[in-house]
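J.: Just dropping this structure here.
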């Protein structure tokens, strides 16, 4: 820290209690100056020789035959006045970044100009400010902090504006020219980790990071911080990404609990003003701040009850880069008084924003740059849609644990991304399984709605194995999973060998996409309710036994690596035929089980019109590949 010493005489100021200050000397004092509750017993000559204002005040006091002068509005108060008095007496006084502004404002108040005496206090302080303080990075920040309690004097004397210019100029400077100390704890440099880089045995100078100035500015209060950031942005030398880093670091420092998504509401007005200012300062460019930071801001906006304008703007920005989010960032707690654990409506609005944004970008790519004044750094194509689909899958799996989550909320959110591309539906299957596990009392129709958001043909082999043995799924879904698993394993072989999939019982075939048409209406009506029910214990047992036999058959019929192409083809065809027969046998056992239980009338054996179709299975994204969630 820079400092300047003035005067050479020893400090002879003393105190008598808390409210009396005097100069220890043989000469009797001849003037009393009261500042607030403190009285200074001083001598006229050294004061009047350097202060034009005291000259006027003493003249007025003499006219009133009084030796006491009231000075109640001096900036900086008694401490700043004492610095000025010591200078007048020639006593040693040290100026630094913490007291120089108060002394400068007090000297201005006392009119300690060069016209009164050469080398007066104002001149000396200005030399110190210009030659040392404004040239120092950290001293400029400290001085700027002290100006807040000295307004409007500090504004009128241009101390604030000069600090702003000094700070912004240094922050905008080429990093190769930064040769002063700064605080940087957010990312450790190699030298700080003990892994200093060398070149030919000579230590290489570490590069200064582009955001070197971010942490030091976090010391400023929000009003001064806003002015500094605005000044830096006006110079146009700092990238939007670095500006975003600065705002993120400031929020983490100034908002207790911000990183954990829990904002303290003991000072609502203060924290609300801070959040609203950060939102106002956010760069317009997409990608300048992370989606995770925007989501934490949205959480703060909701908790601090900010205005709808701020909420809508945040939702719009988050929607543009929702594919960067992770599930924990979306777990907003529901407002007080709600039965649900999580705020599903907010997340649904974000997904809707993404859908709308993606649709607009595909319809007219120029719309974005025209209305939002920036261009997208990358096209929001199928990859972004797939990431959002996986994100929604993961979110649904988390909120499925909420016992008070209605079916319509669960299904409605899933349907928003039903048309998004994805490799498998394992993620949505996991969410469905979790929901049915936590909500065992859902009706058959609700269970059917939940399962419709999954496309059975897009489950992986492991997920199929789990689904076939899942007691929580309707029997209709189990049959569809078996069918698609059979079709997937036999498609390639049937093309080369000409073998066909064994025929299935008519009512079972009607449950599958592209099922038989031409059966009576009554058959469909009678079987719908039966197949939407969950499998019985006997059916599950039969499925497990046949699946074990199927896996055994696959192992025994696996083609050897030394066989020629013809033999491999023959084995594959035989394997597919065997597997088709086994799966057909599973279907037959299910059907005979239904007949034995008397659940299907004789009239139901005729083929029904396509009661199950491809439209029943809507696409939903996938992220997780964990299947054994029951």
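Residue positions begin at 1 at the first shown residue.
Quick reminder: no glycine exception, Cβ is built from N, Cα and C everywhere.
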J.: I'm validating the feature mapping. Which of 491-534, 535-578 is tagged region 'Disordered' in TrEMBL?
T.: 491-534
J.: Do you know which of 436-474, 592-630 TrEMBL annotates as region 'Disordered'?
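T.: From TrEMBL, the annotated region 'Disordered' range turns out to be 592-630.
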J.: Could you pull the average pLDDT for the domain 'NPH3' (211-488)?
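T.: Averaged over the domain 'NPH3' (211-488), per-residue pLDDT gives 87.
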